[in-house]
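Read through the structure below, which is laid out as structure tokens, and then see the notes.
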Amino acid sequence: MANYFNTLNLRQQLAQLGKCRFMAREEFADEAGYLKGKKVVIVGCGAQGLNQGLNMRDSGLDVAYALRKEAIDEKRPSWRKATENGFKVGTYEDLIPQADLVVNLTPDKQHTSVVRAVQPLMKDGAALGYSHGFNIVEVGEQVRKDITVVMVAPKCPGTEVREEYKRGFGVPTLIAVHPENDPKGEGMAIAKAWAAATGGHRAGVLESSFVAEVKSDLMGEQTILCGMLQAGSLLCFDKLVAEGTDPAYAEKLIQFGWETITEALKQGGITLMMDRLSNPAKLRAYALSEQLKGIMAPLFQKHMDDIISGAFSGGMMADWAEDDVKLLNWREETGKSAFENAPQFEGKISEQEYFDHGVLMVAMVKAGVELAFETMVDAGIIEESAYYESLHELPLIANTIARKRLYEMNVVISDTAEYGNYLFANAAVPLLKEFMTTLQAGDLGKSVAGTSVDNAQLRDVNEAVRNHPIESVGRKLRGYMTDMKRIAVAG
């Protein structure tokens, strides 16, 4: 199979990369109505599979789970989760032929085998759903022409999808219809109903494309969302310990610092995050972030280029064919890092101390978010999509580090995200080694000394932060998410 994106001409590529429209709430007046009375069968019962299914059932849809026969016979975790929650469970052969919508929520690397197994069983005119378009765009999966192919991609982990729904809210969501598979013109109606059934319409839905979702999702998770947090954690911990900081304190400052810092980001963007610093610290964080952007821009651009060309997906799929030898080696190396094995700090670190002693971490977040956003937009991705794949998801990923350090982050994210994370972090750490030697007292582990501030410089920095394009689009999109809750687990 050929990479679908690479079969398109330039005009088609640009059109699909640039497809992005914020949908009005009135467009979801029928909510999940289009799918009521129809049979929805979910393949896969992981975090997204289970939690989307629970939401859809609570929205009045008929939901069942199709699992492999061996998973049922051996009563594997997927079978237990589905049955313990009262869902009907059956084999592919039992359930797929009656399904009006088959939702594939298995891991990326299983998509090809799953889709090839279910396609022959699907009835004429049924629909096939994804929550990530990798199989369609990067693998180039060919789907029967009578089948409608749609995507509903919540911009949060599965657990958050469920928790927000139970609060009567939802999470921001991208929806799309594959242009090669919409024979009856009902793809958008199906996608809208599915998104509403998960609660996404209450938080904001972007009409996107499979191409835009995949290329932006890969870029975000590889760079700022996971790769930058991993590289930053390793670099900052080693720097603190090398300068005599108690390893336990250093570990806690970093483990919970990302979450505390990005909670401000979630509530008020980069502007609020920077406003949590003293004026001297803000000026220093801005200067550091500009240095970081200059150093890292080529690395961000290389990742975007490799994602657009298909070089990234080709390399990762080659590793799949070798039983994940690279992925597993990188995972083992991360587990052996000093940060992952540092003792726990029993003392208290106040919320403000995370900012005061984490000026470099604030700078890393600012630089990473802006670079990811700018690089995606330069590649033709619309600003709203770039926002969701950079700034919006960052607090959720930081929250996983607060739970069990980098191990937890890499367990929670997909194997695709984990592979890309290691690629980026393994390049970023040596790239930033020299920069780390230039840090001043007060950049990390201590507060910035001095109180002198140049008014004109502070004015210019404030204006530069607030006028960055990601802040403009962020203010608009956060307006649709006013019911957000704090996700901090607090250290």
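Cβ coordinates come from backbone N, Cα and C, glycine included.
Marked as domain 'KARI N-terminal Rossmann' by Swiss-Prot: 15-208. A mean pLDDT of 96 is what the model gives for the domain 'KARI N-terminal Rossmann' (15-208).
Residues annotated as NADP(+) binding site in Swiss-Prot: CYS45, GLY46, ALA47, GLN48, ARG68, ARG76, SER78, ASP108, LYS109, GLN110, GLY158. A 10 Å cutoff on Cβ-Cβ distances gives SER78 (NADP(+) binding site) a total of 21 other Cβ atoms nearby, all chains included. In the three-state DSSP assignment, the secondary structure recorded for SER78 (NADP(+) binding site) is helix.
The active site feature in Swiss-Prot is assigned to HIS132; the stated evidence is sequence analysis. Secondary structure from DSSP puts HIS132 (active site) in coil.
Taken from Swiss-Prot, the feature domain 'KARI C-terminal knotted 1' applies to 209-344, supported by sequence analysis.
Residues or ranges marked as Mg(2+) 2 binding site by Swiss-Prot on the basis of sequence analysis: ASP217, GLU389, GLU393. Long-range neighbours of ASP217 (Mg(2+) 2 binding site) (same chain, six or more residues apart, CB within less than 8 Å of its CB): HIS132, ALA153, GLU389.
All protein chains included, GLU221 (Mg(2+) 1 binding site) registers 25 other Cβ atoms within 10 Å of its own Cβ. Annotation comment: Swiss-Prot describes ASP217, GLU221 as Mg(2+) 1 binding site.
Annotated domain 'KARI C-terminal knotted 2' per Swiss-Prot: 345-484, in sequence order.
Residues or ranges marked as substrate binding site in Swiss-Prot (evidence: sequence analysis): SER414. In sequence order, PRO107, ASP108, HIS132, GLU221 are the residues near SER414 (substrate binding site), counting only same-chain partners six or more apart with C-beta under 8 A. The DSSP secondary structure for SER414 (substrate binding site) is coil.
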Residue, out of the recorded positions ARG68, HIS132, whose Cβ gathers the largest set of other Cβ atoms within 10 Å: HIS132
Spatial separation of GLU393 (Mg(2+) 2 binding site) from SER78 (NADP(+) binding site) - C-alpha basis, Å: 26
Distant-in-sequence Cβ neighbours of GLU393 (Mg(2+) 2 binding site), under 8 Å, six or more positions away: LYS155, CYS156, GLY220, LEU225
DSSP-derived structure type at GLU393 (Mg(2+) 2 binding site), helix or strand or else coil: coil
Recorded NADP(+) site residues CYS45, GLY46, ALA47, GLN48, ARG68, ARG76, SER78, ASP108, LYS109, GLN110, GLY158, farthest C-alpha pair in Å: 22
Listed binding-site residues (CYS45, ALA47), ranked by Cβ neighbours within 10 Å, top entry: CYS45
Other residues, Cβ within 8 Å of ASP217, GLU389, GLU393 Cβ centroid (Mg(2+) 2 site): LYS155, SER216, MET219, GLY220, GLU221, LEU225, TYR388, SER390, HIS392
Candidates LYS109, GLY158, GLU389: member of the binding-site residues with the richest Cβ shell (10 Å): GLU389
